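Please read the structure below before turning to the comments.
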């Protein structure tokens, strides 16, 4: 596991209370470990971090997209706080290298588990908020999410249409969407869709197939824009 100092440099933030940082990176599997004395893991911080992230992203969009209506802003926010985007932020921070977990969880692929990365990223946001204030947290989130907010200029009307137009302009076949996973009860399912254009592919999740397709298209457009 890498030094927390490296993570703090990536965040451009140094924790006053290091225990908050440790809690934000402590996987729930530790609670079943007989040598683990503390009863804290990142689940409570994740709960708070989810709310803080939604608040900050909402305010960023409100300030920067003055001409967009409520429905449009909600769609953009849905992308910015979805699992894929949060995990891409976590990947930028190489967060998987810092999560504290049991050997069994690690052997089972816990470091590459997207749920773990998403949860730890949200918990980290909460830890920063509790260690500092909303203004500092706002600045850090705005910096970490800047490239994903910027890509909205390309996808603001419909990411599926934007991806189709890119494919046609590049003389590629039209995008192909495929449902690869459905999780949860029938009334609250989460769908995962894979979109492929030529040799490029990306996944997206949502509570409806169309939402998952749009999030997959957004993620692929973001990748294409940065390649």
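Each residue's number is its place along the chain shown, starting with 1.
Every residue gets a Cβ built from N, Cα and C, even glycine.
Quick caveat, the model's predicted, so the values are computed rather than measured.
Swiss-Prot annotations:
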- 4-133: domain 'RNase III' (DOMAIN)
- 46, 119, 122: Mg(2+) binding site (BINDING)
- 50: active site (ACT_SITE)
- 122: active site (ACT_SITE)
- 158-226: domain 'DRBM' (DOMAIN)
Integer Å distance between the CA atoms belonging to residue 122 (Mg(2+) binding site) and residue 50 (active site): 6
Any same-chain residues 6+ apart from residue 46 (Mg(2+) binding site) with CB under 8 Å of its CB? Would you list them in sequence order, or say none? 119, 120, 122, 123, 126
Residue among recorded positions 50, 122 with least C-beta crowding, 10 angstrom cut-off: 50
Across all chains shown, how many C-beta atoms besides its own are within 10 angstroms of the C-beta of residue 119 (Mg(2+) binding site)? 25
Average pLDDT across the domain 'DRBM' (158-226), rounded to a whole number: 88
Non-site residues, in chain order, whose CB comes within 8 A of the mean position of the CB atoms of 46, 119, 122 at Mg(2+): 42, 43, 45, 47, 49, 50, 118, 120, 121, 123, 126
With DSSP as the reference, give the number of residues of the domain 'DRBM' (158-226) in helix, strand and coil. 32 helix, 23 strand, 14 coil
